[in-house]
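The domain 'NADH:ubiquinone oxidoreductase chain 4 N-terminal' annotation in TrEMBL covers B:1-109. Sequence annotations record features per position, and here TrEMBL assigns transmembrane segment to B:21-42, B:54-73, B:94-110, B:116-133, B:145-167, B:193-216, B:223-244, B:256-277, B:284-303, B:309-330, B:351-369, B:389-413. Marked as domain 'NADH:quinone oxidoreductase/Mrp antiporter transmembrane' by TrEMBL: B:112-401.
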Amino acid sequence: MNMFSSCMITALVILTLPIIMSSTKLYKNKLYPYYVKTATSYAFMISMIPTMMFIYSGQEMIISNWHWMTIQTMKLSMSFKLDYFSMIFVPVALFVTWSIMEFSMWYMHSDPYINRFFKYLLLFLITMMVLVTANNMFQLFIGWEGVGIMSFLLIGWWYGRTDANTAALQAVLYNRIGDVGFIMAMAWFQLNLNTWDLQQIFITTNDNFNLPLLGLLLAATGKSAQFGLHPWLPSAMEGPTPVSALLHSSTMVVAGVFLLIRFHPLMEHNQTIQTLTLCLGAITTLLTAICALTQNDIKKIVAFSTSSQLGLMMVTIGINQPYLAFLHICTHAFFKAMLFMCSGSIIHSLNDEQDIRKMGGLFKVLPFTTTSLIIGSLALTGMPFLTGFYSKDLIIESANTSNTNAWALLITLVATSLTAAYSTRIMFFALLGQPRFSPMILINENNPLLINSIKRLLIGSVFAGYIISHSITPTTIPQMTMPHYLKMTALAVTILGFILALELNLTTQGLKFNYPSNYFKFSSLLGYYPTIMHRLTPKTSLTISQKSASMLLDSIWLENILPKSISYFQMKSSTLISNQKGLIKLYFLSFMLTMILSLLILNYHG
Amino acid sequence: MLKIIIPTIMLIPLTWMSKPNMIWINTTTYGLLISLISLFYLNQPNDNTLNSSLMFFSDSLSAPLLALTTWLLPLMLMASQHHLSKEPLTRKKLYISMLILLQLFLIMTFTASELIFFYILFEATLIPTLIIITRWGNQTERLNAGLYFLFYTLMGSLPLLVALLYIHNFMGSLNFLMIQYWIQPLPNSWSNIFLWLACMMAFMVKMPLYGLHLWLPKAHVEAPIAGSMVLAAVLLKLGGYGMMRITTLLNPLTNFMAYPFMMLSLWGMIMTSSICLRQTDLKSLIAYSSVSHMALVIVAVLIQTPCSYMGATALMIAHGLTSSMLFCLANSNYERIHSRTMILARGLQTLLPLMAAWWLLASLTNLALPPTINLIGELFVVMSSFSWSNITIILMGINITITALYSLYMLITTQRGKYSHHIKNIKPSFTRENALMTLHLLPLLLLSLNPKIILGPIY
């Protein structure tokens with residue numbers, strides 16, 4: 001018996017145990033969050049065994065069991081694909097979730113429904129595992145929709161708040177638009193290749209994969225919040241901070257990129273889709289980086305930086321380097337989850353204050369959080385030898401040396417520079433300078449649940465990139481040699497961003513805030529996109545559905561053409577034809593006459 | 001088949017002879033037992049053993065619908081208890097008898113092997129439904145609703161009688177099992193086009209096709225809970241069942257006759273689901289969502305591929321259970337708030353948390369979350385329409401998005417947000433109601449494990 005598959009299945013089964021136990025008395029217990037956290041950590045440790053085996057021997061595996069149904073000639077069975085991507089991503093996701101669960105025990109400790117919160121987190125994690133390990137598109141779709149619905153439930157956790165409900169609905173709606181693409185791709189594969197199994201899709205050739213790939217790209221756009229379907233991600237920050245840390249930074253939102261990585265064998269020879277992906281990613285990364293520049297809500301800034309990094313991953317897929325994109329997914333998970341947890345720590349300490357203008361000087365009162373936040377930000381900007389460097393630097397170098405669209409490359413570089421700028425802004429306003437928060441707040445970050453969880457991810461943010469990129473050989477080889485100036489570009493633009501942002505912050509801090517310029521308005525109003533799309537589209541569609549679908553067609557036309565007009569004509573014609581006028585004497589007379597006549601005729605007939 | 005029909009008939013004396021406090025319990029229990037018998041028909045051995053007599057047969061298309069019908073009777077009885085609690089005993093018994101009579105007719109309709117017999121029973125189901133709607137509805141508009149219901153469906157189905165007599169005249173038989181071997185391709189002529197229309201319109205109205213659907217929201221809204229449940233769950237499916245049965249007779253004509261109806265359905269599906277977005281009335285919203293889902297079934301039946309038939313059958317069963325459950329939930333709100341207006345019943349999650357879980361699950365199945373059978377049905381329909389024409393994916397996609405939107409809109413409006421003060425003193429949810437929701441969800445979940453029993457004859 002091979003340890004490989006059995007360990008992996010054990011890890012997955014361990015995750016389902018607390019869900020099953022939730023129907024017992026255990027669920028009423030105060031220790032339920034603790035059990036969930038422990039189960040996750042066990043699952044992480046067990047899943048490390050097959051990952052180590054994979055790193056050591058490069059063994060990949062497919063587990064097929066439980067035949068679900070056969071539709072004509074297409075067999076659907078439950079099947080897990082344990083390959084490069086799932087083997088690396090599963091432990092990373094479990095590790096991050098483990099820390100976030102520990103963090104939630106601290107962050108959500110006063111919530112009366114904390115057990116349910118943990119159950120939701122775990123359910124989300126299971127659907128994510130299903131998504132990552134799925135070997136056929138149907139199973140992938142189960143995970144895909146599952147994470148969408150769990151994000152709906154978790155964003156709307158504080159369901160009494162209107163904003164949370166709106167954000168939850170918005171997330172589902174944008175995801176659902178993406179799902180249409182996924183369903184189209186499924187339909188196309190079923191019709192043309194007669195299979196949903198990944199291997200069979202990849203070995204079958206077809207002249208034109210444009211249509212299904214467009215569908216998958218749409219799906220990825222929805223799930224990974226790319227330009228056009230991006231506004232849901234910053235709105236999703238209405239959810240609790242652990243949810244933002246888990247779903248909207250490290251796991252769920254990368255599912256779209258992961259999908260494209262899964263399907264890269266179809267994409268690698270398709271220039272059209274690659275160019276589209278590249279441009280889409282580049283636009284997203286720049287636009288969201290610009291939006292991040294002027295936000296004042298600390299979680300919104302981190303959310304926009306997530307969006308920007310997702311754009312960068314899409315760019316990487318666009319330049320045909322799926323393995324690099326995957327590396328960035330893994331490294332990004334560590335420091336972005338940690339950034340969210342740090343902002344959660346700050347928010348919680350300052351009595352739910354999220355505005356960075358009302359922070360300041362936190363390095364004295366929250367030294368550990370400050371350290372972690374700075375390391376996380378530096379890792380995010382790609383500071384050499386921190387985690388982000390190993391993926392981000394390679395991505396920029398590959399983009400620089402590849403034969404790519406210069407426009408897309410340029411705006412990606414600008415976005416990279418802006419990353420440094422908004423990171424500086426968080427650090428400058430939240431951590432440095434004089435305190436601007438209320439002096440009455442009692443600040444204490446010395447809780448082992450908080451310290452340990454952040455510490456674990458902190459170590460990850462420093463070393464994970466090195467460990468991952470050195471243990472696992474990338475299958476597509478990035479460019480190794482390049483001129484000096486190209487090698488230094490990534491670093492140079494980042495340092496440029498840092499210096500400029502620092503100078504700007506220092507010089508403008510004391511200045512009076514004049515009437516904002518148009519550039520500022522563009523950035524702070526998120527490129528006017530929500531203003532236009534969230535007002536115009538709902539208004540027109542709701543007006544159309546009310547005025548034309550409901551009123552005009554249903555209540556007026558269809559009602560008048562058939563039932564009303566028929567009854568009207570019946571009534572008119574019956575009153576016209578009928579001679580019923582209420583003339584009783586006449587009627588009796590005619591009745592008598594007929595009776596007499598009939599008597600006479602019948603009697604004298606024969 | 002008599003082993004279902006005779007027990008169902010015997011339920012009527014059971015109702016009238018039971019002690020006053022036992023009428024609900026007795027009928028529900030025996031109804032459940034009868035539904036267990038019907039489960040045996042789901043096993044289709046493929047060797048003519050299910051052709052019970054000259055009159056009755058069951059195949060893998062009718063067996064799931066049969067099981068759905070018998071399953072629904074106890075659920076309807078459970079759901080109506082509160083609605084009838086203030087009525088005198090005789091009326092309660094009469095009401096139960098009507099439901100039983102309706103089930104009897106439905107069982108015979110689904111299992112009839114003769115088309116004229118099918119037609120007579122198809123029409124006979126109108127009578128108990130009409131009585132249920134117009135006698136036990138809640139408002140005066142119920143009379144109008146009853147009129148709409150009766151006249152739309154009657155007018156649609158009268159030409160079918162003529163068409164059937166004509167077919168019987170030149171075929172010599174109307175037995176489903178035989179005519180599928182005897183049938184010749186219909187030549188393309190005006191009279192045959194009218195034959196096609198006469199045969200299909202009866203079922204299109206029943207489905208209902210967009211444009212002929214006005215009776216449905218009215219009937220659903222005005223009917224008492226059991227009426228809404230049975231209308232949404234089974235009576236609409238009669239249309240789909242009839243269409244699937246009768247298209248075998250009309251063969252080459254459907255290829256081009258289908259176009260206007262496909263267009264109407266694709267258009268109507270989006271129109272009706274966008275109407276849902278603006279509904280303030282909970283029951284009306286669910287009714288319009290039924291129209292939109294049934295439009296998918298019409299499209300699937302008209303495309304006439306194996307895949308689309310599978311999708312249509314699966315979607316019919318899935319929608320039957322889901323919409324019936326949504327009506328039950330709406331009714332449990334109505335019994336507490338005494339209004340169907342959604343905005344009066346906000347924020348119920350705080351007060352009735354378990355009911356909120358049922359709402360969530362019902363909304364999720366309604367928007368076709370994988371791996372429920374709703375998704376399987378919708379996915380097959382989308383796939384077959386995609387293969388029919390690639391462009392339909394745009395319309396289907398819009399519909400999928402809007403369906404998700406109104407399902408969650410309904411969920412958020414009724415369950416989420418702050419509750420309003422006038423609902424502070426509502427009753428907690430009863431075990432009866434929770435059991436009712438469980439009995440709806442259980443088959444949905446179990447069928448997701450093994451969907452092939454509801455995939456119809458082509459599977």
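Using N, Cα and C of the backbone, Cβ positions are placed for all residues, glycine too.
According to DSSP, the domain 'NADH:ubiquinone oxidoreductase chain 4 N-terminal' (B:1-109) comprises 79 helix, 1 strand, 29 coil.
The stretches the transmembrane segment (B:116-133) and the transmembrane segment (B:223-244) are in mutual contact, each linked to the other by at least three Cβ pairs under 8 Å (pairs 6 or more apart in sequence). Averaged over the domain 'NADH:ubiquinone oxidoreductase chain 4 N-terminal' (B:1-109), the predicted model has a pLDDT of 90. The stretch from B:256-277, B:284-303, B:309-330, B:351-369, B:389-413 that makes the most Cβ contacts under 8 Å with the transmembrane segment (B:193-216) is B:256-277. Counting C-beta pairs under 8 angstroms (sequence separation of 6 or more), the transmembrane segment (B:389-413) fails to reach the transmembrane segment (B:223-244), with fewer than 3 such pairs. Scored by C-beta pairs under 8 angstroms, the transmembrane segment (B:309-330) has its highest count with B:223-244, from the stretches B:223-244, B:256-277, B:351-369. Same-chain neighbours of the transmembrane segment (B:256-277): 193, 196-197, 200, 204, 209-211, 213, 250, 285, 288-289, 291-292, 295-296, 298-299, 302-304, 385, 392, 395-396, 398-399, 402-403, 405-406, 409, counting only residues six or more beyond its ends whose CB sits under 8 Å from a CB of the stretch.
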